[in-house]
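Feature list (source: TrEMBL):
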- A:107-128: transmembrane segment (TRANSMEM)
- A:182-207: transmembrane segment (TRANSMEM)
- A:219-242: transmembrane segment (TRANSMEM)
- A:262-284: transmembrane segment (TRANSMEM)
- A:296-315: transmembrane segment (TRANSMEM)
Amino acid sequence: MKQERFVALHREAWSELQHWLDLVDSKPRQALRDARASGFPVEYRRLCHHLALARARGYSGEVTDRLQRMVQQGHRLLYRPPAPRWHRALSFLVAGFPRLVRSEWRCMAAAAVLFFAPALFCLVALQFHPQWAHSIFGSAQLAEFEKMYDPANHRIGRSSGTDLAMFGHYVMNNVSIAFRTFASGLALGVGAVYVLAANGVIIGGVAGHLTQMGYGGPFWRFVAAHAAFELTALVIAGGAGLKLGLTLLAPGRQRRGPAMVAAGWIGAQLALGAFAMLLIAAAIEAFWSSVAWFPDLLKFGSAALLWLLVLGWLWRGGAQAEGGDGA
Amino acid sequence: MLDTLRQIETPEGVFLRLRAAGALPRAQAWTIDFVLRLVVFSAAMIPLSLFGSAGSGVGALLMFVLMWAYAVVCEVWFGGQTLGKRAMGLRVVSADGAPVTLVPSVLRNLLRVVDILPGVYAVGLASTLIDPYGRRLGDVIAGTLVIHGGELPVGSQVPKVAPMAPPPGLAPDEQAVIVEFAERCGQLTPQRQQELADLLQPLTGCSGEAGVQRLLGYANWLLGRT
């Protein structure tokens, strides 16, 4: 068939489809409610068929370029990402995320050791050698910590600022740190190791210093509850970063490229989960932890409950579905 | 063909042609985004500063959204384009040419932290120069690709002249060259048209304007016009 005849046969159908595709770009809602929408997949496949024919028969650019362009537009529409669903996000948080954490338990354990070992060491060491605090922090920093956790404050854990201000501040800071920890793991894991250990030293140092000087009461009352989400999320983000770095170092029985893509896919999901945890942590930290007048029982009781909740969730979350899949 | 062209076979058995974008347009798009975000943030901070420290909290949340969420939301739900990319005609797609989904988009934007090191995107630049498709590290690991989204101009109509059968024995690619010449005629000066047509003097047997007309006649015949 000569080109002109081919074009004459299908011109109508093409321009109608082109018109609808342009409409999708400009007014997606209206176009997708149109009756043509349900017939689109069939029309798109016919269009692909026409393009293949045009190429095989060596038709000129006038036809092939035009069809090529419509095919790209159609491909983009047919294979567009699904609309976000609350149900999916929720089932990921409840079941998918803890399952993912458990499946990467080696990296998570390594990250936990990298973080908690220096933290505990600093905490204990500062009880016996209080002067070491000055090797970790400058004196201005120490003064700031002491001001924040002064038992005389009616709001603990901050020197100024309202709840909302601190919420924004916590979200920005903590999530940024977690995201950077994850991403810097790409540098053969060095970044993640550094951030985890450094945060362990700092957090352990503050805790040790304040406990030793008798400000432990307000400090532990402040941190106990939100630490459940915050520290766990930091460890998970660090573990995901370690996984990225270790995969680059030792991809196992895969080529490095595909292994990195797979590790990145897992890591990004872990980072998303850690992000959700840090949002919860920031909300607790800003609106609950800072209230000084709650009795100790309520403070530490709620903290114990939250720790149990987080650990139980990570340990058992999604376990039934896992069994059901036979995985 | 451009060497950054990436052909991807779709499930329907045809090829998508993705033109990978290099470092320069991407840097320009990033700059536009950066300035836009700076402007939005500054503009929002003026009224927010009236609310004192609560305002600064909302400001921090806004900064978080602009810094981490802006690119992901734009890429996943607004056709793979941030405003800067839209201005530069760029688009993020997955390696198989389909629109980018949430997890790869999150990953490529998180790994920006590494690409941006040290300071001014040095790692990212090195990666785009090494990679055949100009991907930065984040793109390589997320399995995504930044392409020129604007479509190429469609070939124009062949001018209508009386069709004339070409001498027999022309191979398909030779026929294609003649049609392509006729399509591009409109963009060439008459002198250049004649210069090109003169190369085919052995075929057409005439030179100058007559040669051009004869080639156009052949093209019309090859297209099947009567």
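A Cβ is built for glycine as well, from the same backbone N, Cα and C atoms used for every other residue.
The stretches the transmembrane segment (A:262-284) and the transmembrane segment (A:107-128) do not meet in space: the count of Cβ pairs below 8 angstroms, excluding pairs fewer than 6 apart in sequence, stays at fewer than three. Within its own chain, the transmembrane segment (A:182-207) has Cβ neighbours under 8 Å at 111, 114-123, 126, 133, 136-137, 145, 219-220, 223, 231, 234-235, 237-238, 240-246, 248-249, 267, 270-271, 274, counting only residues six or more beyond its boundaries. Residues 94, 98, 101-102, 220-221, 224-229, 232, 277, 284, 288 of the same chain lie 6+ residues outside the transmembrane segment (A:296-315) yet bring a C-beta within less than 8 angstroms of a C-beta in it.
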